[in-house]
């Protein structure tokens, strides 16, 4: 298995995404083929990674995906790379719960036998940085904390004060990043602003790479990444097909408004013979021709409400497909788009597709955040009654004015809110939910979706 390293933080906000993206860009500039990853369910950070490396960044989530499947995905996606750089999530040991399968950065690092480089925000520290490094190194004896990067350092003399006591502990210090506000990434209500909405991103990443090249020891980083134990793929269970098993064309919404997809989900569909036809609900006038199903992922429809509302021809095309019985799966932003209307942060209401009875209201408070396991209440296009699948919720909108006879798809456990709560909406061959699913948590999703599309082909004139 290729050289690999995890870039972790002592906590959220220490500069993980900035540092990890800069390292990826700097290593790429040095001629390395870098495969980027993000621990956890985040969709936005991988966009920065992809822009920095020109290789698609992937999510590594040990709560949604079992260890064996995680190793299989990592091994497959790292093929051809010189080094894999993995950005952590939150603080190094922060996870879903205090036991196995917590989804923490530390757990993923241990599953992959990857060394960890810890980022410390040293802006208001001196020798105390050594105590912090010592604590993180010795908290978990199974974890290989191999080095430290010091962020927001005010001067070279400040760096020396920080560096010497850390190195006396036997922990490598790979360098530091000077305090520089221009290096901070912009944020919005769902976290960092996506690369698709950030102007001059190439220039920003180039500047970031130069700062990294000037201040960090990349040779030492690579050497640490190469000193890793071999991790064996015990059995390939996700990508074991010998050839296409279907001839299904699936339309996938992908543009500035809808772009939250786990790349492994799309790969799993293609592995099983599904042809993905991308389209834009913002700019295109109709769905692609000869499709047998529709997948509308999450994103930021709330940032493009006028454009989505004005595109009546696309709304009509989608509504007709749903009426005709086409299998349609929508997540979060996709769910929002299929309702009757969305009321934005300023109170203005914009008409949407209208296939789901109910409206969306944007709020200034987080409505749901966290992992959730869904138990299927009724057979649908993805799963059968009693099946379980895992995913993640994170949204500021709420669904209101639902009819009393609404059919719910899931019984949800976990996330923000009570357990055993209803989730997801079923309407004929439409399944829409706030839950972002990782298909590898239950690969039966793939077979069932393909089967639903094939049944539609056999029985529809759409």
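Backbone N, Cα and C atoms are what each Cβ position is placed from, and that goes for glycine too.
Remember, predicted model here, so these are calculated numbers, not experimental data.
As recorded in TrEMBL:
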| type | residues | note |
| --- | --- | --- |
| ACT_SITE | 332 | active site, nucleophile |
| DOMAIN | 5-190 | domain 'CobQ/CobB/MinD/ParA nucleotide binding' |
| DOMAIN | 250-442 | domain 'CobB/CobQ-like glutamine amidotransferase' |
| SITE | 436 | site 'Increases nucleophilicity of active site Cys' |
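Here the residue listed as 'active site, nucleophile' is positioned 7 angstrom away from residue 436 (site 'Increases nucleophilicity of active site Cys'), judged by their C-alpha atoms. Per-residue pLDDT, averaged over the domain 'CobQ/CobB/MinD/ParA nucleotide binding' (5-190), rounds to 94. Secondary structure at residue 332 (active site, nucleophile), as computed by DSSP, is coil.
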